[in-house]
Amino acid sequence: MGKNVVVLGTQWGDEGKGKIVDLLTERAKYVVRYQGGHNAGHTLVINGEKTVLHLIPSGILRENVTSIIGNGVVLSPAALMKEMKGLEDRGFPVRERLFISEACPLILEYHVALDVAREKARGAKAIGTTGRGIGPAYEDKVARRGLRVGDLFNKETFAAKLKEVMEYHNFQLVNYYKAEAVDYDKVLADVMAIADILTGMVVDVSELLDGARQRGDLIMFEGAQGTLLDIDHGTYPYVTSSNTTAGGVATGSGIGPRYVDYVLGIVKAYSTRVGAGPFPTELFDETGEFLCKQGNEFGATTGRRRRTGWLDAVAVRRAVQINSLSGFCMTKLDVLDGLKEVKLCVAYRMPDGSEVTTTPLAAEGWEGIEPIYETLPGWSETTFGVKTLDGLPQAARDYIKRVEEVTGVPVDIISTGPDRSETMILRDPFDA
């Protein structure tokens, strides 16, 4: 039987998942997105050419791979069409390779308007959303008033449902947020113009994946954002609106939970975060600036500067627990090149002076936390593009080994550059 592998982030997103998914799809037959929306930003560099994907799975660039958007994804028709056009203009036959669950909730213009209005109303307490309507779309889904891809099969019913839900949301926009109403006729016309394209890509995803599993095809599940942004297990309320953890694979795709064989956690060699929220190891000094500059830490989706800091092994251990991680892929090791010393957070000192090795559950619990560091020697040699473990400086190997020791999880893959070729696979997830 074929192996089913999950690839997800262990931190606050931006760990480098896209490149690793693209690399591993050389063997996969299917790549599945199971949560999030076009708030994700997965950057791939292949033969020097850069591709940024927000909604379509990273496997779309491979000709023998089927890409699937599962029911756990909130789908913006406008964003999908834009992304499809960009890929098709470059010669990728997206409509032959991409399929969509009819249960995907739709993100429409009023969701974006609500997202923006709410962030503005929060003022200094803004969460730092991407402003793309993700949260309001998930809210509609849970409230059972959301429109889904499958609703487009009956255009008259869709129009009636849209009118009802827009009356509700426009009332909020105008009377509570003092914002402009969203035009119903425009929203309807925009969706109807591409409805047939969307419905033409619909499949029964659960049935498709179960058949693939029984045939022994290799399936990869591509996570978006990161564990610490999970709606339930993240730094609430500074989180995204979906389950970014491994548990979201089954609910967001329709595959049974027993059929996940290996969970690969992507861990950046240091920490970054976009937007507001707790970040115990954040650096505000020259080292923080160094990490930002060397790592080109600007969001692929928003362009915002990412906050930077040392690797937080306490937070990563939480990701190990929640996701039952099988192994790590460490990315951006080369960004640490040239530092005289490298620090690793192994515990927290609480405001009362006590030391803990677990993370708080709510954002308030993080207040006043001080990181407790181990300091390791840095290295002056370059690790960029190194393709063998023996080719790494001894200090870099010692750092990797220490991360393995404090987390209890092996580093199975090491990324030393943005190109898919700049990677060493010590243990292939599909063979583990």
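Every residue, even glycine, has its Cβ placed from backbone N, Cα and C.
Now, the feature entries from Swiss-Prot:
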| type | residues | note |
| --- | --- | --- |
| BINDING | 13-19, 41-43, Arg306, 332-334, 415-417 | GTP binding site |
| ACT_SITE | Asp14 | active site, proton acceptor |
| BINDING | Asp14, Glu15, Gly16, Lys17, Asn39, Ala40, Gly41, His42, Thr130, Arg144, Gln225, Thr240, Arg304 | IMP binding site |
| BINDING | Asp14, Gly41 | Mg(2+) binding site |
| ACT_SITE | His42 | active site, proton donor |
| BINDING | Ala300, Thr301, Thr302, Gly303, Arg304, Arg305, Arg306 | substrate binding site |
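Here the features listed in Swiss-Prot are painted onto the structure.
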{"residue": "Gly13", "record": "GTP binding site", "Cβ neighbours (10 Å)": "28"}
{"residue": "Asp14", "record": "active site, proton acceptor", "Cβ neighbours (10 Å)": "28"}
{"residue": "Gly16", "record": "GTP binding site", "Cβ neighbours (10 Å)": "20"}
{"residue": "Gly41", "record": "IMP binding site", "Cβ neighbours (10 Å)": "20"}
{"residue": "His42", "record": "active site, proton donor", "Cβ neighbours (10 Å)": "25"}
{"residue": "Gln225", "record": "IMP binding site", "Cβ neighbours (10 Å)": "28"}
{"residue": "Gly303", "record": "substrate binding site", "Cβ neighbours (10 Å)": "8"}
{"residue": "Arg306", "record": "substrate binding site", "Cβ neighbours (10 Å)": "20"}
{"residue": "Leu333", "record": "GTP binding site", "Cβ neighbours (10 Å)": "23"}
{"residue": "Thr416", "record": "GTP binding site", "Cβ neighbours (10 Å)": "23"}
Gly13 (GTP binding site): which of the binding-site residues Gly41, Thr130, Gln225, Gly303, Arg304, Arg305 have a C-alpha within 10 angstroms of it? Gly41, Gln225
CA-CA, which of the binding-site residues Gly16, Arg306, Leu333, Thr416 lies nearest Gln225 (IMP binding site)? Gly16
Where Lys19 (GTP binding site) sits in the secondary structure, as DSSP reduces it to three classes: helix
Going by C-alpha distance, which of the recorded positions Asp14, Asn39, Thr130, Arg305 is nearest to Thr416 (GTP binding site)? Asp14
For each of Lys19, Arg304, count the other CB atoms within 10 A of its CB; which of these binding-site residues has the top count? Lys19
Going by Cα-Cα distance, which of the recorded positions (His42, Thr130, Gly303) sits nearest to Gly16 (GTP binding site)? His42
Given the binding-site residues Asn39, Thr43, Thr130, which one has the fewest other C-beta atoms within 10 angstroms of its C-beta? Thr43
Between Arg305 (substrate binding site) and the residue listed as 'active site, proton acceptor', what C-alpha distance do you get in Å? 12
Cα-Cα separation of Gly303 (substrate binding site) and Lys19 (GTP binding site), in Å? 19
Can you tell me which of the recorded positions Gly41, His42, Thr130 is spatially closest to Lys19 (GTP binding site)? Compare CA atoms only. His42
Three-class DSSP secondary structure - Asn39 (IMP binding site): coil
For Asp14 (active site, proton acceptor) and Arg304 (IMP binding site), determine the Cα separation and express it in whole Å. 12
In terms of DSSP three-state secondary structure, what is the assignment for Leu333 (GTP binding site)? helix
In whole Å, how far is Gly41 (IMP binding site) from Arg306 (substrate binding site) when you measure between their Cα atoms? 13
